[in-house]
């Protein structure tokens, strides 16, 4: 068991009491063993060495009292493992040591000698006849908890993992003690017990009003103020009057310096609140203000070590208490919570919600019947007075019932409402009936009927509240509500609601309003019998108290209109000075009270400026006014919390009287129901069996190895606390208001990952990869590092020899010689493939220059031919034959002889180039032909296309149409036969001379061009190749684009040529200006001639154009020559 747990459970039990509790279970066994014990062996007196004591089952946990001197020890036979308090008579026998046996001083391990209890223990045994009772006065059952057993509920679990140490900075010098102030007099046991548990657990304290909940909170706040260095302590209360009231009490009891405390509300500017959070440690504020400061970043949730929640029964639903605790727990788990209330809740579920929302692990609850607080509770005389309605009320009820009868009959006609008396209508009953009707027959009713019923429900619900005011509060509040209802309808433009106008025009309604207006003109008119009895009760109370007495009285009313009517009547009575105490909200007929006005009203009431305070629900909680001797509840509430809060305003320092004014019937039943509900809930909470406490949220702040001891002493109050009695609010100075509010601070929990998170990692629960930390530049220094000497930097002679031996020599060759390698012999290009890849490293990563070099080597390697990539030389010599292209010779000026041809020009090379080009073109044509034929099933159409080609060939040889651009259009027009024409037909793109293979066997295979004599035609002869290309649906621009695209892909795949001819613009790039294969063949037989106008042959197929070598620009020739069209099929060799 942990030491702190042991101390928390049994810290107030003396050691002797603990020994007694542990030995109770073995008393009976010890008594029976004494009767059956053997006679002890006698021995002589004298100093002897101490006998060894065998260990027992209690030796590890209980410290035995000191044993008697050795001369008085008398061994007694015992039962194994038993203890005895008195030795058996006749056990001592005097004799000499010589007569004693050898084993006289031996003791059996099975029969140990237990220690003899002290005289104090024996005196406590006689006090076992006391009876222990519960808080309700009943005797505890003996079989419920044995004397040597520990309670079942443990604050700490040994099987749970160790708690995380607190992040708060602690004052280790102060952790050894916790202070209990004695400034208020004698110590109350229940307060001491609650403070001790509240320091180490999240505690819910439920005490009746006036029993010192503020003292408990101030004591715990004082100790956490001592234990921590910079942590914040926050006291939250629902309203500013309650918070300001706790300021004076805590500063006057705990002795915390006033300079470290502040009061913050919504009226304090954010700039000043931010400054207070930076400089103060103790805060009194409302929960709404605390939530705003936490959300905007003014307050750090991790810095709050203690949160005191006043009126904790509000911590349900979506109230600000719940939001504050939830927000703080998102960032910090090391926080202590102390919840104070007089009424925890009216239901078991409500109390469990408070436990869950605040993280309560321990409950301290007392009732007025508890034994330990009975002596501190002053008597309260409760006087319940019931009333019957007055004659005026009966008359008004009758007239109003007649006016509402038509509307109620409409509901009865639809089987919605079965009541006969309209004065029994309630807002909740009408709302319930409306929901049930819409869920049943109303959902299928006609739209006109449905709209009419909704209008009736709306009118009756607004009037049901006025019926309640008439029954429980009087005629005047009832009349004010009806006057407002009438003015709202009459002020509307147009006709308004038909049903409302029907009600206002009813004769009974008009008669009732006129009657009430006549009564209200009378000054002595009281609209309710409660008002008459209230005035008499208050006047009698002040008369009995005397003229100079400081007695006070508080009247509670549920509605503001009733409170104002009560104040008007009481101020007309003698000895009464009444004032109203309401909330901040403005109503339709009156303004609310600001927090400053509320505080001033309470101070005047305490000082005697007013002796009667008429308050609404805002005065039910927390008001600590000791001189209140009379409480009058003008109306009863069904909530036991509100009822007990009202009663708790009296009897705090002396006996008080409570007067309940109830109407017979419903109001009286509500009071009895609330009273029974309160007693039942108190018993359930005291039992604690039906609640689940949150031990997991109540972490320990003080380290487990530290056990603070109580220090009961008088606490010195600083002088500054007594000199300045004003509230410690921040002052609104011009300098403070000129400061700008800091930007919103987003508090983050510990070990949270900020920034962008990988979506894939978030789905699979993997941590997101963090970006590499950018190294920071070295900091600049004012001093320079000393330059080391050259001898320390360079290699020494021995190091140089070792370096040359290891890195510059190879093993001996077969000729017994050592081969030396110099740095000049290193071949940096020996392993080109390895230089283009980053190799794997272990500890040292590749540098920036290494990555750049590898990238450069990789780029250079990819630019080479894959087949010749690793063949030396690597592209240093141009292997292209662009110089062997046939170029016309340059004629010398002034001479008729042709110029000398260049060294790269020869007929053999020219013929080889032409043959290779024709072979590549023929292979492409054959592959395309086979592909097109295999894909198409239109054999007949292919035959027609061949016939068209034959006709085109005959036309080309016999026709006399001139060659030119316009011929293409005419050729296309002549082609208008019924033959099938396929788009992008590559066979038709080529001319007749490229596809004919009938004369291949008659040729000798030479490149002289003799077999082409029959095909030589003039320049003015029209060829089929001129107009067949125009039938291709592809436009010339698209042909050129596709040609350039294919040419670009081929250049990137192969190695780049050494020489790249210039590219012409769009105006010069034309298919008509590109040389044809026939033109290249004709140039071999040409002779240099004078300048003439250039003539371009018909365009050839675009697919074969990629395989032709690049040509240099032609020079103008002197004479036009005939062109020879060559057939590439003749050069095809199998």
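In case you wondered, yes, glycine gets a Cβ from its N, Cα and C as well.
Listed in Swiss-Prot for this protein:
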COMPBIAS  1-18  compositional bias 'Acidic residues'
REGION    1-126  region 'Disordered'
COMPBIAS  93-106  compositional bias 'Polar residues'
DOMAIN    194-362  domain 'Helicase ATP-binding'
BINDING   207, 208, 209, 210, 211, 212, 213, 214  ATP binding site
MOTIF     310-313  motif 'DEAH box'
DOMAIN    538-699  domain 'Helicase C-terminal'
REGION    938-1134  region 'Disordered'
COMPBIAS  941-956  compositional bias 'Acidic residues'
COMPBIAS  967-984  compositional bias 'Basic residues'
COMPBIAS  985-999  compositional bias 'Basic and acidic residues'
COMPBIAS  1000-1017  compositional bias 'Acidic residues'
COMPBIAS  1022-1036  compositional bias 'Polar residues'
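Same-chain residues lying 6 or more positions outside the motif 'DEAH box' (310-313) and placing a CB less than 8 Å from one of its CB atoms are 204, 217, 235-238, 242, 246, 321, 339-341, 343-345, 350, 354, 358, 621-622, 641.
DSSP labels the residues of the motif 'DEAH box' (310-313) in these numbers: 2 helix, 1 strand, 1 coil. Within 10 Å of the C-beta of residue 214 (ATP binding site) we count 21 further C-beta atoms, all protein chains included. Annotation for residue 211 (ATP binding site): spatial neighbours 190, 366, 373, 376, 377, criterion Cβ-Cβ under 8 Å with sequence separation of six or more. DSSP assigns residue 212 (ATP binding site) to coil in the three-state reduction, placing it in neither a helix nor a strand. Taking each of the binding-site residues 208, 210, 212 in turn and counting other Cβ atoms within 10 Å of its Cβ gives the largest count for 208. Of all Cβ atoms in the protein chains displayed, 23 besides its own lie within 10 Å of the Cβ of residue 207 (ATP binding site).
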